[in-house]
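Q: As listed in Swiss-Prot for this protein:
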SITE      Arg17  site 'Transition state stabilizer'
SITE      Lys24  site 'Transition state stabilizer'
SITE      Arg142  site 'Positions MEP for the nucleophilic attack'
SITE      Lys198  site 'Positions MEP for the nucleophilic attack'
Amino acid sequence: MNLSCSLVLLGGGKGERFNSLQPKQYTHLCGEPLILHALHAYQRLPFVQEVVVVCEEQYRELFLPYSVKFASPGTLRQDSVFSGLQQVSTPWVCIHDGVRPFVYADEVIEVCSAARKTGAAALASPATYTIKSCAPVRTLDRDALAVIHTPQCLDTEVLREGLLLARAMDFSLSDDTEAAELLGIEPTLVFSNRVQIKVTYPEDLLFAETLLSKSSTYK
């Protein structure tokens with residue numbers, strides 16, 4: 001199966017909850033900015049044809065040693081994704097958050113393969129916590145729920161049409177594959193049994209450092 005695709009790497013978030021002077025994706029993890037951990041992992045994948053980094057101009061110098069395109073971030077995450085999509089030249093696109101430093105080749109391959117069958121796919125983990133809705137308060141069946149991560153892979157035109165529809169509806173998307181859902185496409189979920197870290201708080205960075213420094217599994 002031909003898995004050729006583009007990568008849109010999101011690096012435009014402000015990260016207010018991280019309590020840092022710089023956006024969390026540029027905070028160092030074991031001597032290297034978080035976002036570069038993800039970039040290096042994707043650049044080792046031969047089927048990734050191009051990389052589009054969505055970031056503020058002041059951070060572009062960090063990526064100059066690499067063969068990447070640039071796009072400017074928007075107000076919402078979906079605006080940033082749409083901005084990056086304008087630089088994509090392949091029929092398939094993979095989206096990855098710059099604050100998710102751990103990327104596993106087998107999972108990217110599985111997500112991209114699954115997307116070819118339905119038009120959209122996302123990496124997921126089973127819900128392990130008890131989750132309640134707030135209004136009204138009631139317990140949800142966690143066996144019917146999943147926690148969604150990146151990578152997420154979509155048909156480029158499906159994503160474009162879904163993002164445009166969301167904009168026309170003034171609808172805020174929770175993730176990228178929800179753009180496909182708006183078009184009536186049911187995304188495929190690829191379940192992972194690994195720890196999936198999204199660095200949101202300073203404690204997340206400490207956890208990531210521990211994993212990266214002490215376990216060869218995450219290197």
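Each Cβ is built from the backbone N, Cα and C atoms, and glycine gets one as well.
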Q: Name the secondary structure element type, per DSSP in three states, that contains Arg142 (site 'Positions MEP for the nucleophilic attack').
A: helix
Q: How far is it from Lys24 (site 'Transition state stabilizer') to Lys198 (site 'Positions MEP for the nucleophilic attack'), counting Cα to Cα, in Å?
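A: Checking the Cα atoms of Lys24 (site 'Transition state stabilizer') and Lys198 (site 'Positions MEP for the nucleophilic attack') gives a distance of 10 Å.
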Q: Below 8 Å Cβ to Cβ and six or more residues apart, same chain only. Which residues does that give for Arg142 (site 'Positions MEP for the nucleophilic attack')?
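A: Counting only residues 6 or more apart in sequence, the Cβ neighbours of Arg142 (site 'Positions MEP for the nucleophilic attack') under 8 Å are Pro126, Ala127, Thr128, Tyr129, Thr130, Ile131.
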Q: Compile a sequence-ordered list of residues in the same chain as Lys198 (site 'Positions MEP for the nucleophilic attack'), six or more apart from it, whose Cβ lies below 8 A from its Cβ; state 'none' when nothing qualifies.
A: Asp97, Val99, Arg100, His149, Asp204
